[in-house]
Each structure stands twice: as structure tokens, then as C-alpha cells.
Amino acid sequence: MVNPPKQTIGVCYYPEHWPESRWDEDARLMVAAGITHVRIGEFAWSKLEPNPGEYRFDWLDASFEVLHRHGLKVVLGTPTATPPKWLVDQMPDMLAVDENGHVRGFGSRRHYCFSHEDYRKECARITTQFAKRYGNHPALIAWQTDNEYGCHDTVISFSEAALKGFRNWLAQKYQSPDAMNRAWGNVFWSMEYRSFDEVELPNLTVTEANPSHLMDFRRYSSDQVKSFNKLQTDIIRKYSSAPIGHNFMGSYTDFDHYAVSEDLDIATWDSYPIGFLDRDSSDDENKARYLGVGDPDLQAFHHDLYRACGQQRNGAADGRWWVMEQQPGPVNWAPYNPAPYPGAVELWAWEAFSAGAELVSYFRWRQPSFAQEQMHEALLLPNGEFNEGYHVCEKVSKLLESMEAKAQVERADVALVFDYESQWAWEIQPQGRDFSYIELIMRYYRALRRYGINADVIPATKEAIANRKLLVMPGMFNVSHELAEALASSKATILAGPRSGSKDENFQIVQDLPPGALRELMDIKITRVESRPPTSPVPLEDDFAFEGWREFVTAGEEVSASMRSEDGHDGVFENDRMIYLAGRPNAPLADHIIKTALEKAGIVAERLHRDIRLRDNNGIRYIFNYGPETVDCSEIIGGSELEFGEVKLVPRSVTAFRL
Amino acid sequence: MVNPPKQTIGVCYYPEHWPESRWDEDARLMVAAGITHVRIGEFAWSKLEPNPGEYRFDWLDASFEVLHRHGLKVVLGTPTATPPKWLVDQMPDMLAVDENGHVRGFGSRRHYCFSHEDYRKECARITTQFAKRYGNHPALIAWQTDNEYGCHDTVISFSEAALKGFRNWLAQKYQSPDAMNRAWGNVFWSMEYRSFDEVELPNLTVTEANPSHLMDFRRYSSDQVKSFNKLQTDIIRKYSSAPIGHNFMGSYTDFDHYAVSEDLDIATWDSYPIGFLDRDSSDDENKARYLGVGDPDLQAFHHDLYRACGQQRNGAADGRWWVMEQQPGPVNWAPYNPAPYPGAVELWAWEAFSAGAELVSYFRWRQPSFAQEQMHEALLLPNGEFNEGYHVCEKVSKLLESMEAKAQVERADVALVFDYESQWAWEIQPQGRDFSYIELIMRYYRALRRYGINADVIPATKEAIANRKLLVMPGMFNVSHELAEALASSKATILAGPRSGSKDENFQIVQDLPPGALRELMDIKITRVESRPPTSPVPLEDDFAFEGWREFVTAGEEVSASMRSEDGHDGVFENDRMIYLAGRPNAPLADHIIKTALEKAGIVAERLHRDIRLRDNNGIRYIFNYGPETVDCSEIIGGSELEFGEVKLVPRSVTAFRL
Amino acid sequence: MVNPPKQTIGVCYYPEHWPESRWDEDARLMVAAGITHVRIGEFAWSKLEPNPGEYRFDWLDASFEVLHRHGLKVVLGTPTATPPKWLVDQMPDMLAVDENGHVRGFGSRRHYCFSHEDYRKECARITTQFAKRYGNHPALIAWQTDNEYGCHDTVISFSEAALKGFRNWLAQKYQSPDAMNRAWGNVFWSMEYRSFDEVELPNLTVTEANPSHLMDFRRYSSDQVKSFNKLQTDIIRKYSSAPIGHNFMGSYTDFDHYAVSEDLDIATWDSYPIGFLDRDSSDDENKARYLGVGDPDLQAFHHDLYRACGQQRNGAADGRWWVMEQQPGPVNWAPYNPAPYPGAVELWAWEAFSAGAELVSYFRWRQPSFAQEQMHEALLLPNGEFNEGYHVCEKVSKLLESMEAKAQVERADVALVFDYESQWAWEIQPQGRDFSYIELIMRYYRALRRYGINADVIPATKEAIANRKLLVMPGMFNVSHELAEALASSKATILAGPRSGSKDENFQIVQDLPPGALRELMDIKITRVESRPPTSPVPLEDDFAFEGWREFVTAGEEVSASMRSEDGHDGVFENDRMIYLAGRPNAPLADHIIKTALEKAGIVAERLHRDIRLRDNNGIRYIFNYGPETVDCSEIIGGSELEFGEVKLVPRSVTAFRL
Ligand SMILES: [Zn+2]
Ligand SMILES: [Zn+2]
Ligand SMILES: [Zn+2]
């Protein structure tokens, strides 16, 4: 990047929740904490259009003015995630329908079906109003479309609108029912369709639907998010030159975030480290150890993933990404909602900045005393006094200033392919109850982090895989011939398996068996797969094992096989270009195979202390201690002078030094 | 009480299930066992009105006559819990609707929606028939309205009738949509309503509904039970001077039992100690230890709670309460249905009588061989022979006679506030998955019982809190200014927290932070709460800990703080009037804090053996051994002469002596 | 049997899935592997009638010809399990409805309601087409009706068609509503009906429906399967003399398989040992030990059960039975899908042949690369190469040939009664959460197998119980007077209990208490039953215990009682004819009681090694090692010459010798 942007602090703000008399004081306090960016507007539809066509922008105008007066920059959200009740009553069939056929009603948020054409018209109308009125406001720094697409499982809807849309989508994709029948293999179980209008949505079937049918419906649903978003970005760009973002979520994969990002200038995401630890982690020991700080790798993974999303619009390395919402205290929505440990809120900020975030924006300015999120903490308490997060802003903003911190991450030698279709594929066909693509990805990602490697997380595009030393791509459901050729012609070491390249684009098993096109890189054939319960792993050498998933492989002569199981099957296959792992590795095996792959790629790496993580940004190396004990980091730091922090890193703290 | 009533035995009887030729023998055997009260009639609608408007009271007349001839007193139930099929077919929309929108059909019982106006008219009609015909029958001793309001989750219905009723209720409560919008905070997520007719029921929303919306729907639903019941009591009082009761259930809180009791003369409840142990308890060690006798505190808690309900109509201390249904053997509806241990059935009778019950009535006289309850044991076997419970009646009724037992419980120095709205509040907003108000209440109640304290369980009314030495009120969701003043002006020691006083009546966080109005008693502020998984309690001193819930508190100078956690936060706050506990106590901490509070209130108490419980009624002290081992109770008994039982209390047995 | 049939190998084949050019090669390879029988046609409706009335039998004709040319015999399936979409669109109400009232849509298979009259007409039409066209084809060896009745829980449907059918069925059964009211005990809870048209289906009731109502609906639903099947068999018999079978499933009991089998010539079933181990077993140690070979008793039980089904049409001992589908590798539908251990696939074949199977037919010939079963392995890999199962066919078919193996099982001295109504009864009324009839049956069956006993599994008919030395009949819900008389007049020792004979045919408790009519054999009375959680078994002598279920019994003087529990209740009752066990035995007690009963019946038996099982067929004794260790079987074999295998049986292997 020629002029890397300064790194700074933001906040999410709902002026409509507070008396106008308080707004000036709020702005003053924001500036005092070093906050520069303020997101407003999303969720405010009923306040802006209390009756159909009756606009009330006066309060939003005033809010812009107050923030502008204080020198704050505004990120303006379109309010389409919360259509008012009068709008829903005008078109009740705009509501989404769940898998059981139940209409998902008004009374919270995201109560719309992405496929509903008339609702899209309403979104275009309100977005046009926003874009015209604020598109050139001097305080406007960026746009946000809608809010958290997909939150509360809202991408997939089984509505009449979705049925109609899906049939049209199929017709456009396949042109003839016979082509679709062949692609899906509908000769099986007499599922052949004579016209696209015979196709139903794949819910409430007697037993599971055809995986090809399910996959196309997942693709269709994802496409609706993209086109829904593009409708807004096209309008905004007509009236405004400010960049556009959308706030993605963590651990959410129901639409292709790369594809949606093609229409965005900035990828942003909402980071809730503690909430996700408790909600998603299945490892009780981890849960207890990192209760108040979150998983040491899950935030980092998302930073890397959304950094890649930020690069989709221009296809260039100078993509922009933000943390749009950062948890500053306990939240309200996880099964349990513990408080952050001392130091944790600051640590999260540095984890984001060190991964190249331009902005870390807190959710939210002040805790409301009412409604669904009244137990979600904020920078201010409900009574307007400072909460802990406010003081973290003060501290971090001063350090950013003094360090002249800028967002600049270099292209990594190591890249891990994360592919949304693969996630859908293995949700549709786990074959063993606990098989999860993203969990498999995390096994490799964690191992990379434990070796201190800053990897890029990338889509499987030719451009993204170029110029790497090591490409890791487990579980990649469909490896096209083009991709395989690109891999073959790259200089990178490839680490693949299990399940990589096992299906074609129609969700059929690849011709002449898996790994399909990857056979261009290595002469192996997967002749059998098995899934096994957690109580029966497959023991290999030492403490290595496959957990839950194993493949039986026949290999050509130039392939060397190793890591034999107790029952006599090799687990690792290697040639000069590639390593194939024939199962889901336990943590020791993931470490071992990553170490092996790094060495093969000529990358030197050392295993870190279990709680320590590293990151480089703009010439600064950051060290994080996620654990409960003080860790001496003098070996990592050498004699370098510290930007901040201590060599003996206390629990949940950070230090940084210039490389 | 000037003339405390004699304590006696009853039974629930279904003459319509047996040949008329057997009725005389049944009555004779009842009398022989010492039974004096017989409940009949509820559930018999189809037998009494086989076709619309075609009444057949002859058999019920005859049944009254037989019982009367034997000197038995009749408790007559209205049959409104089981409308016949022809009635349902006349108005199919009278059926309740579950949370998923599924109609809850005919084929068992309680198949009606409390909000349905036309069904209420039918209830008024049949109740009028009953009241006119039997209101002055010489055998009639009391009425029962309907049966177990709310059983099988029937208070909350998502029907059209409920929607219409709820909108009207909101209109009456708030008068203007804007007032409702403000009270609910509907500015959040664009949930503002322009008219009451825009409001929906809070089910099937995309994510959780507004807690204020949910709370008002819970209040509305509870109010429907009260008005449904009052419709019947108003009619009955026109034609009969007999007192009216309703049989409440255990561990059931979906309506405000105090409010319904304002229209009742006698609070009665249905006691199933073993069934509830297996269904509700989450403690496996307790479950195994008390398998055949039930939880040592859960029955007692309900006795105390419904004794308070019995005091609501006249607001006086001479309220009446009964056990309307007492389990005499295994039941059919719990996940597992073990047999009572030897002695257990008798122990339960004394637990009720010692808590001031006038009547312990067994469910039921004879086990039917048919239909849903064929596996529910009774005093007689299906073949008419004696079952174990019959002999318990014989024994207990003789002892009652010889002791001249009367129902007379003194107002207790210690009272524990149990508040139905608080239960709904924390169901709506647990904030941590396992947070339960009633479970929190039980933690304190159990500790009181372990110290041998006979506490009253009370509503949070001025009258109920008056003249106490110690008031325990954890988790009380909304402490009004008036209540806080009453507490402040009382002489009682107050034990509060966690969550006490944290919300206002609209389900908003109290102004200037919790504990809201309780700050009038103690200068503390709750600045943060956290919920934690069971695997991560907060260790305090010794073996004390907070489990699942902790609050962070700032306190004024006159407040002394103690019980510091390992991570440096105080857990107990105390001044001259009040103790505030900033978390959910484990059992040792509950004991400790109760001990501290008792001492502060000037009450001397000793920790009992884990299986031993005490109760006083009418000058007699009862000692219960719930455990599997014989316990020597000579220290408790001193030299007193025993009314019955032994000093060395064998497992599951009772002894009693005059104080 | 006069001419016992040769034992042979078959395969399930879908020519429509593969290019016609491959068919000849497929047939050639089948023959080369020793395959003689090929099942085709089921599921092919859309291929045979792509538009209404437009038949396309050409490809099926051609397929017959290819197979015939190679000397292969065809088993032809009617395609009624997969009606095409156009047919469903013609009569959308033919779809089944689930318990929640949701329509079970098109998109997989078995999307029909058995009660739908118009769909039955369509089935008759297509079956007539099949029967006329292929009924006399020289290659045709047998018919299969439909496919796996009931798979995916499809027997029970809550559709309008089912409601209408059920009301008619009730009217025919009871003739008057009053008779039904009496039989069901509808006086309870005012459930009395004035006409059959008032009766609803027993789903979505507020709490559980009347067990008699549920039982009649289960009987009705089972009857629909029988009449649906008979519609096809009647048509087929008009045009063809080939025998007719249907492929039943394992662990499936929603219809009475004996009753359906009355219209079949051959009972066949689909055997998936690994899939069922993982799906059904609750014993983690067993699951790990037998992960890749399956439960050592579950397949055998089904072989015995379906052998009995094969005897229903003629009521004679020469019934025929096949394994229609045998798992040859990992499947796709269990929670986890491990690979068979080496030797397991062969072991399963011998387990079936040793139990008298005529045919073991593999599912399927070649793994498809598409649609729902793409991960279900086959004899050939998706690319057409041999998979492991192919080589097993080669080996086993050669051994069958060399041994001149024939299906001939002698009537066993020991019979275990398995009764479908009892299964429904205890599903309706488990009384303790984990009470399962089939699990209870398996406790006794396993014990018999552990003693090397080849038992018959039989219905409770006079004919089936005749000429036995020992009859085992635990949990038999309704023992009629006629059955009791037959038992009394037989010479067999009877082993009964718990719950045997406890209900009458109307699902009412038997008059004068259980065991009802069994009292004609033994003077005992069950006065109480209890169910207990798994954590609280009832300890008896030694390591014997009752698990989950116990009965309290009073016995006449001529009955000897023993096996007293710690709390003083006898557990075993015995007289000269009968043993009654008053609880659910743990494994040691099941072994003990079987041993006792065998001795009483004069049958000598020895406890086998835990992994070893025995079977006799046609004068050959087979020994199976299901375990992970080599077992020396020289004691069993004595000096006999082995047909195949080794005396030291390696893990998962078989040996056989002529008796
Ligand atoms: Zn007696
Ligand atoms: Zn539904
Ligand atoms: Zn071979």
C-alpha cells in the first residue's frame, strides 16, 4: 500500500435512544477517548419513516451536525435490517419462513426474506433517501449496508418468494430440466423433474433431500444476499463517493462473504471473543482457560478472513478491513456471558490492529436500559458513567497516536484456503456426525498460529494462491481442473486432505475417485472413507491419531507413504510438491504435519508457548499472552526496544516492538 | 386463629368410573379409614351433559346421597378443565395454540384457551348449573374451580383469541401506543407501533422478542387465569356459601397464584414428592438419596407458599390451605416412577399437617384400569383391594384424632419473598443459561430449613413483610419505591441479592443502576454482572463460591465489604440494616449467609443433620428424617414426651412432641 | 423341508443409473463373482412412466434380456416407494403428515400416506403393468413389493386420509361409539364420543392421549401396511406364479411384520450390522469393541425373526427367508459410518446362511457418484473397479458351492415370543423413560446366544408355541385366555415377566391384576410396579440386579420365591411350570435366569466366550468370533473336520464343521 491508513478507534451510536440534550456531551466524551469514527442510522427506520412515505430526517440531520461539529466522522448504516411494522403489514409474505414452514414474525429484527421482490423495492426506496440526503455530507466517512446479513439464521428461507426465486435461478442455471436432472442425478429415487416448476424447496422431505438439490439451494440463497446488497451499493454509488462496507459476523458461513465483498470497499466484521468462546467451543478445558479472553485463534482467523474479503472488490492487496463492532464487556446473547479478564479488552484491540485493521469500533457507546440488548455492556453504563471499555479506548488511542500506527500487512508466504461452498457441502453431507469443515480448517490454522506463522486466509482463486510458499487446503470440496493446474504451476508446497477434491461442482463424486483434479499433483486414489465416533480414534505413531475421519488410499510409486495406523493403513502421502493427510488430525498430528509442510516449503518456525501468539503489522511485531500465567518473552524480543508492554508478559497482555 | 380447624384426611373420588352398586362399599371403606372429605365432579362434564343442553345430574345426585349418608363431606369441582368433544366442535377456535403455532387438540384435558370469550360463556353456564343444584347441599363442604390451572403448560396460548385479548389489555394498560412504545423501549430495532392492533404475540419472532413485550404477555396470560377463575367464583358465591378453593400445582409459576387466590377462600395444592424429585431435580446425588421420599425441602416450600396464598382473600393470617391431592404410591407421569420408601407416605402427611394444612386428601381413591392414569396408584388397587396408602390413612387419621390436631401456624419471624413476576422476568432474561429464580429462592430456603427455621414464604406486600425479624428477598426483579420505603421503615434485617431491584416495572434497567430503590437501604451500585458456566465458579474464601452468577459492586463508605474473590472482588456487602450478596451462592455459602443474617436478626439457630427437618404447628414440634440412616434426635427432643414416633428416628419417619 | 433350497448370493442393481453399454460387463462380472440373483426395478417409476400414462419399459426389457443371457435370475421390485413428482402434483394430499401436522414433501422417497385411496389406485395401475409385462419372464425368480415399508418413520401419518380411514376402521371394529367409549375408558377426562366422526387422530393433544386411542391408531396404521401390500400381491398373483417377498428392515416395528408376511412367500430383510450398531446401541463399550463388525446378536435376532415371518403365509415350517440387502462396506446414514473390520463382511454372510437364509444379496452392485446414497459403498467402486465386497462374494460363493450348502433350519426347542403389539404398548406407556420392549427381548435373546442356544423367534400363536421345551415371553402385553390355555396345556417350561400379561386387548389393566390370564399357570399377583432411573438399580443377590423396572408380587403357597432384594422383596417366582421374573434383569441376572430356565426345561448348555457365537444349519455347525482376539475353539469342535476356517479363530472370522 502506498499510503497505508492510520489506525484508529470508533464506536456504534444510537442517538435516537437518548435525549437530544445529551448528544453534545456524548460527542465531547467520544473525542476525549480518542474516538474518531461513529456508526449511526442502522435500525432507525421506524424513527425516520414513522408512517409510509412520511420521512422524519430532522433528528438524523441534527445528529450528523453534532458529530461533525466535534470533528467526528460518520459511518451511516441503511436501516433495512429492521423494516417497521407498517411495512410488514403491507406485505406479510415478505417474512421469512423457517425449515418447518413456520413464518418468522415481526418483533425483533431481520424479519425479511432476501428473495422478496417487493421488499427489495422498499429497500431501494429508503436507501435512495439515505444516499441522496447524506451522500455528500462532509462528516460522512463510509456507508454500511443493512446489518449483519444472516444473523439469527436468516439467509435461508423457505418462503413462497424463495421458491419462486429458486425455480427461476435453476432455470437460468440449467436451461433445461434434463440438464438439471443429470447434474443432480435425479434418476435416483425417481426424482426426475419435467419442468423447473416441479422443483420444491429441500425442506420437510421425508428423508434427506438430494445433496445436489441442497447445494443449489445454498448457492441460490447466498446469491440472494449478494444481489440484495448490490441493490443498495449500486444506489449509494450513484449519489455518494464514500466507501461502502457491511458488518459481517464471526463463525457465520451461510453466504459467500467473498462474493458479497466484491461489491464492498471495506470488509468489516463484528468481534465478540467471549460470546463465541462459550457459544461455539466444544473444548471444556479451553473454555475454562480462556473464559474471559476468548479463543486465542478464532478472532485472528476472522481478521485474516475478512482482510481477504476486503481485497475482493479491486482484487488487489490494498483491501481495507475494520472491526465494526468490538465487545467491550459482557454481552447478553451467549449461553453464559462472563466478564472480560483484566487486560482482555485491550488485547483484542491489538489483535485486530496487528492484523491490519484500520478501525476498531466498539459496540456500543452507551448501554441502553431497555429492550433486547439491555444486558449488553457498552463504553458507558446505562446511567452515562464510564464503563471499563471507555478507559481502554483512551489508552489504546493514545498509543496508536504515539506509535503512528498504520494498517499495513504484507502478503503472507503461507495461505490457508477457506471456501464457503466447502462449508455448505460438508454441512449437507458430513458423513460422520461431527465432521465440520470450519472446524477442520481451524485445526490447521491453530497449528500455524502455534508456530507463530502469520498466514493469509484466502479464497481458492488463481490470484490469491499466487506467490505463496505453502498452500494449505484441507476439505476443499471441489477442486476444478483450472485450480489444479494453477496449483501445479505454482511453486508452493501444497498441503491437502482429507476430503480435498472429492466432489465435482454438481456434488457428485469425482470421476475415477478422489482427490480428482488434485491427482495432477499427486498420484493417489481414495478408495474408501470412514467416519468414527469420538470414542474410537485411529491411533497412528506416537500420540498422533486421526479423529472421526479416515481415508484409505492407494498411491502410485513415486508417492511416499508414512504414518501407518495400528491396523495397517498409511496416513500421510508425500511427493515433491504435495502432502496429503488421509484423516482429521488430532492436535499433535496437526502440529506435526504443519511443521513438516513448513520445512518442505523452506519456512523456519518454532513452536510457541501454548498461550503466546505473534503478529506483524507495518514493521511492528506484537506478542500476545492469552493465558493465566506470566510468560517471559525475552527470546522472541531479543534486544529490541518495546513500543509498549513488558518482556515478562502478564496474563492477557500485549507487547510490541519494531522489527 | 380463634378456632383453629381440626386436621383431617380426604380423598379424590370418581364415582362415574365405577358401578353404582359399589358406591356404598366405597363410602363405608372411606369412613373406616378415617377419611372425612371427598372431592368429586371435576372432569365429569361429558357424563353430566352428554349432549348440548341435555343435563344428566341424576348420578351425581345419587353420589352425593351415598356420601352424605355415610357422613362424608363433599368437595365439588367444576368440570371446566375437560369440555366435551361436542363443545369443542361447536367452537374449534377455543383450543389453545402452542408457541410454534400448532393447535393443541382434543383427546386429553385442559384443551381450552383462557382468552376465549365463548368458552367462558359455556363455563359460566355449567358452573351456574352446578352452583344452583349443589350450592346448598348439606354434604357440600367446599368448591373447587376447574382443576390445576396451567397443567401441561396451558396458561400461555398463542391463539387468535389471545391476540385479540392481549391487544385490548395493552390498550387498557397504556391508553396510547406511544406510552407503550416508551415503556417497552420500542425505538430499539424499529419496533415502534402505531396502534395496538399492530402488536403481535411474542412467539415465532426471528430472535428473542423485547423482554417488555414478553413480560406484558406473561402478565396478560396470568390475568386471564385470574378472570377465568373469578367468573366461576362470582357465580358460585351467588348460590352457595361454601368456601371455594382451587388445586394449584407444585413447581408451577406461569400465573400469579397470589392474585388468583384473592378470589379463593382456601388455597389447595397437589403434592407429588417423588414425581417432582425425578422430574425437576438436577442433583444426581440428591435424586439417589431421596428417590423414594422426595426432596426434603420442596414440599415444605410449597406448603409455605400456598399457606400464604390462603391468606390473600381476606388478607388476614387466618387463611386456609389444604393438600388437595397427595401421592399415595408411584405415579405415571414422571420420567421414572419409583415406589415410595416404607414410611414415606406417612411422612408426607405429617410434613403437610405440621405446616398447618387442614386437610390432606389423597389422589385418588381407586386406581382405574383404563385411560391415561391407569398406572397412577391409589388407596385401593384396581381390583378394589387395599393398597398401602389405605393403611396410612387409617394410621394417620387415628393419630390426628388422638392428638386433637388442629391447623395453627404462627406468623414466622423469618420470611422469604417469592414473587411471580420475578420468575417470569428471569425466565425471559436469564442472561446465563442456568439462571432460575425459583432455584435461587430454593438455595436460600434450603439453608433456612437446614437451620431448622420455619419461615413464611410471602408476596412482596407491605402487609406480608410487616413484623418480621428477617426478610430474605434474592432476585426480586422490581423493587418499587413504596416497597423500599416499607422495608426501610420496618425493623427487619434485609437479605437481598443477587439481581434484587435491578429492573423497573417496565422491564428496564433501573435508573442509576441496580439495586434501584434498594439503595435507600444500602449505598451500593451494581456496575457489572456476569454469568459463568458451571465449570467455572468464582472461588471465594474457604469452600464458598458463586456459581453461575456474579455481580461487580461499588459501595459507599458506610458499607462494609467482605468475602473477596480470588480475582479481587468483594462478594458480601453489609450495613446496619441489610446484607447484599453479589452472586448465586453455593450450598456452603448459602448456609453461611443465612447463618450471618439470622445472627444479625437476633435469631438463634443450629445446623441440623443433613436429613433432619423440623416444623412447629399448634404447639407441637415435628421432626422428620428424610435420610437412609437412623438419626438420634435426643438433643432436639430433650426430655419431652413424644406424641408419636421414636427418639431414634428410623429412615423416613417422623416424631412429634409438645413444646 | 423336503427339498431344501441351495444357498446363494445376490445383488441389488440399478441399470438405469449406468450406460446401457456397461450392462453386459456388469452381468459378466456378477456371474464371475458367483452371483445368481439380481434385484432391479424398485425406485424406477419416473424412468418407466416419465409422463402420466406414457410407459417406457424398453430399457427394463433390455435389462432383463442382458441378465437373462448371462443366466442371472431377476427379483423385480414394484416402484411404489417413489411415485414421481407429476403424480404427487396430481394429488398433493397423498403426502404423509408428521406428528406436528407438517406435510412430508417430495424430494427423497416414501412420500406417500398408506391411507390415501387414490394413491393406492395408482399403485394398482403400475403394479398391474409390471405383473402383466414381466410376470412370466423366464428370468424372473421372485417379486418384491415396494421397498422397506416404514423406512424414515412412514407408517404413521396424521393426514386427512388417515383420519378418514381411522374413523371407518373404528366404526367397523366397535360398531357403536358407546362400545368404543367403554373399551377405551373414555369416561375418564370427559373423552366420551357421540359418533366416530368426533374422534381425532391422537397427535398434538395437550398431554398424552388415551393409551387405548393410541393403540388402536397403531393397529390401524399397521393394518394399512398390510392392505397396501396385499393390493399388490393380489394383482401380481393374477399374472405371475413367481413368489413374492418384501424387504423388511432391522430394528423396525411400526407395523406387524407377521401380518404382512401372511401375504408373502418369502420374508426378506435388509441387514446393516455396522450402521445399526452405531445408531441403536446405547452401550459405549460394545460400540467400541464391535465398531467394525456390529452387535454379535442383533443380526442373528433379525434372521430368526424374519425366518418366522417367512412361515406366516403357509403357516408351515418350510417358510423361506432372504437377506435382500447386505452391507458390503461403510454406509452413509448412521451417525458415524466406520469401515468393516477385515473378515466382517464374510462373517455376516455366514451368520445369515447359518440361520437358514437362501440368499444373501448385497446392496448394491456399484456405488453411484450422485444423489443421496453416493457415500454408500457397494461391490464396485464408483469408477467400476472392484471394491472389497466383490472379493467376498467370490470367496463365499465358491465355499457355498463346495459345501453344497442348503437352507434348512430345524424347529428349535427354545422359542422367544416377539409380539408387535407389545412393542407398541410399551412405546405408548413405557412408565419409565428407558423401558423398551425390544430392548427387554434382546436381554433374554443375548443370554440365550451366550449359552449357544439356537432359539426361534416367534409370534404368540398356538401353532408357533407348540412342541417347545422352553418358551420365553417377557413383556407380552396382552396374554389372552386362549393363549394362556395353550401355554398351560403345552409341555414347555414358561419364562415370563416383567409386565407379561398385564393388559387386556383394550389396553386396560387386566381384571384382578397382572399377570392376568398367566395366573392360570402360576398363582401370583403384581400389586405394584416401579420404574427407576439408571443410577438407582435394585440390588439383588451377588451381582444380580433389576435395572429400571421392578414389580412387587404376592404369591400363592405353591409358588417358591427367591432372589430377595436388599429392601426385602423377592424377585424370582417359580412353580413346576413357570418362572416369573419381577423386573428387568441386568446381564448377569439374564444369564442366570436363562441358565435356570434351560435346566428346568432339560436343556444342557454352556456359557460361551463373550465374543463367540454358534449356529446350526443343515447339519453344519458354524462358529463365529466377533471379538478382537483369536479364540481357540477346539473344545467346541472336538475332532471334527472343518469345512472351512481354523480352530484358532482369528478376530472376526468363522469356521464350520459337519455335526
Ligand atoms: Zn389397615
Ligand atoms: Zn409446525
Ligand atoms: Zn477377487
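Cβ coordinates are placed from backbone N, Cα and C, and glycine is handled just like the others.
Keep in mind the model is a prediction, meaning the values are calculated, not measured.
A:GLU148 (active site, proton donor): 20 other CB atoms within 10 A of its CB, across all protein chains. Feature annotation from TrEMBL assigns active site, proton donor to A:GLU148.
Within 10 Å of the C-beta atom of A:GLU325 (active site, nucleophile) sit 24 other C-beta atoms, taking all shown protein chains into account. DSSP classifies A:GLU325 (active site, nucleophile) as strand under the three-state reduction. Taken from TrEMBL, the feature active site, nucleophile covers A:GLU325.
Remark: A:TRP333 (substrate binding site) has A:GLY275, A:HIS376 as non-local neighbours, by Cβ distance under 8 Å and separation of at least 6 in sequence. Annotation note: A:TRP333 (substrate binding site) sits in a coil segment as assigned by DSSP. Per TrEMBL, the feature substrate binding site maps to A:ARG109, A:ASN147, A:TRP333.
Under the three-state DSSP scheme, A:CYS113 (Zn(2+) binding site) falls in the coil class. According to TrEMBL, the Zn(2+) binding site annotation covers A:CYS113.
Taken as a whole, the domain 'Glycoside hydrolase family 42 N-terminal' (A:12-401) shows an average pLDDT of 97 in this prediction. What TrEMBL lists as domain 'Glycoside hydrolase family 42 N-terminal' is A:12-401.
Under the heading domain 'Beta-galactosidase trimerisation', TrEMBL lists A:412-603.
When the Cα atoms are compared, A:ARG109 (substrate binding site) and A:GLU148 (active site, proton donor) turn out to be 11 Å apart. For the pair formed by A:GLU148 (active site, proton donor) and A:CYS113 (Zn(2+) binding site), distance between Cα atoms is given as 14 Å, rounded to the nearest Å.
Around the Cβ of A:ARG109 (substrate binding site), 24 further Cβ atoms fall within 10 Å across all displayed protein chains.
Among the binding-site residues A:CYS113, A:ASN147, the residue whose Cβ has the fewest other Cβ atoms within 10 Å is A:CYS113. In this entry, A:ARG109, A:ASN147, A:TRP333 make up the residues listed for substrate, with the farthest two CA atoms of the set 17 Å from each other. Under 8 angstroms separates no C-beta among the recorded positions A:CYS113, A:ASN147, A:GLU148, A:GLU325 from a C-beta of chain B. Cα separation, A:GLU325 (active site, nucleophile) to A:CYS113 (Zn(2+) binding site), rounded: 24 Å. Between the CA atoms of A:ASN147 (substrate binding site) and A:CYS113 (Zn(2+) binding site) there is a gap of 14 Å, rounded to the nearest whole number.
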